[in-house]
Every structure is written in C-alpha cells, then in structure tokens.
C-alpha cells in the first residue's frame with residue numbers, strides 16, 4: 001500500500017506527477033513548466049487553504065523561479081527539495097534535464113520527510129553577512145560549491161551569494177546549523 005500524503009504537491013509537469021504517483025498516494029498540481037501565472041497562484045492558494053501545499057519543483061533555474069513566485073504570493077506553503085544529483089536521469093536516453101521525474105523512491109521519500117516552511121520569527125535569526133564571508137560562502141575559489149553543499153545538506157535548495165542570507169533567514173536556519181552542516185564539507 002502506498003504512503004498517503006495529505007497535502008497537494010505542486011510540481012512542474014506530468015512526468016513529475018507520474019513519478020510521485022508511482023510511489024505515493026498523492027494529489028498534485030502541475031504548473032506546466034515555468035509558465036506560472038496569476039490563475040495558477042490563485043488555484044494554489046485555494047489548494048493551500050483546503051489541503052496544504054508542498055512546493056516540490058526541479059532543482060534548476062526554472063524550478064527555483066517557480067518556487068520564489070509561489071513563496072512570494074503564499075509565504076506559508078511548505079517546501080521539499082531534491083539534491084541536484086538525485087534529479088539526474090539514470091539513463092542517457094532520458095535527456096540531460098534535472099527533474100522530480102528522475103528521482104528514486106528513496107530520494108523522494110527523504111525529500112518529503114524533510115519538508116520545510118518559511119520561518120517567521122526573524123528576531124531569532126543569528127547569521128550575519130560577515131559569518132557567510134568567514135565560512136567561505138561569499139568569497140573564495142570554492143564559495144559556489146560551499147553554497148551548493150549547504151543547500152543540499154540542509155535541503156533548502158541552492159542560493160547564489162546575494163540570496164543566501166535571505167534564504168537562510170526564510171527557513172530559520174541558525175548559525176549553529178550552518179556550522180554543523182559544513183563540518184563534513186571536504
């Protein structure tokens with residue numbers, strides 16, 4: 001028997017839905033790629049009010065764009081993230097795009113078990129720009145790799161140098177959590 005997920009999961013396309021339904025008893029809302037509009041936002045808002053919504057978009061530029069648009073309009077939605085290597089096609093005949101449709105059951109289950117939501121208590125946020133510089137996220141030859149590693153480890157997605165502080169604040173990540181996550185960075 002498939003595990004039931006009570007929230008509606010927002011995905012980009014039909015193949016994402018097919019893969020999720022292969023393993024879970026779940027309802028999805030498809031944005032049809034990056035072509036999200038005001039009607040989509042209104043529908044997602046209604047779904048969120050009735051069932052709750054998990055945004056589970058591809059770990060690429062368009063997926064992050066869709067996620068930001070939804071997060072701006074509906075800050076209380078939840079988020080699930082796949083690591084980039086979990087979204088790579090397993091077969092060369094499937095193309096080179098990243099997507100939820102390529103993820104294994106274990107990777108999907110892990111991502112959905114670690115759903116996060118936007119953090120609303122900014123006063124408790126304890127990370128500064130100087131902390132990010134000290135930890136090598138904003139300056140240095142491997143700063144991009146460090147940010148990628150952090151985003152994957154904390155399952156908050158990739159952020160560029162300008163967005164990292166805001167992303168950490170949105171998800172209520174503490175300095176201690178960042179330092180702990182980076183202990184295993186090699």
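Placed from the backbone N, Cα and C atoms, the Cβ positions cover glycine too.
The model shown is predicted, which means the values in this text are computed figures rather than measured ones.
Listed in Swiss-Prot for this protein:
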- 12, 58: Mg(2+) 1 binding site (BINDING)
- 58, 60: Mg(2+) 2 binding site (BINDING)
- 6-89: domain 'Toprim' (DOMAIN)
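Of the listed binding-site residues, namely 12, 58, 60, the sparsest Cβ surroundings within 10 Å are found at 60. Cα separation, residue 12 (Mg(2+) 1 binding site) to residue 60 (Mg(2+) 2 binding site), rounded: 11 Å. Within the model, the domain 'Toprim' (6-89) shows a mean pLDDT value of 92, rounded to a whole number.
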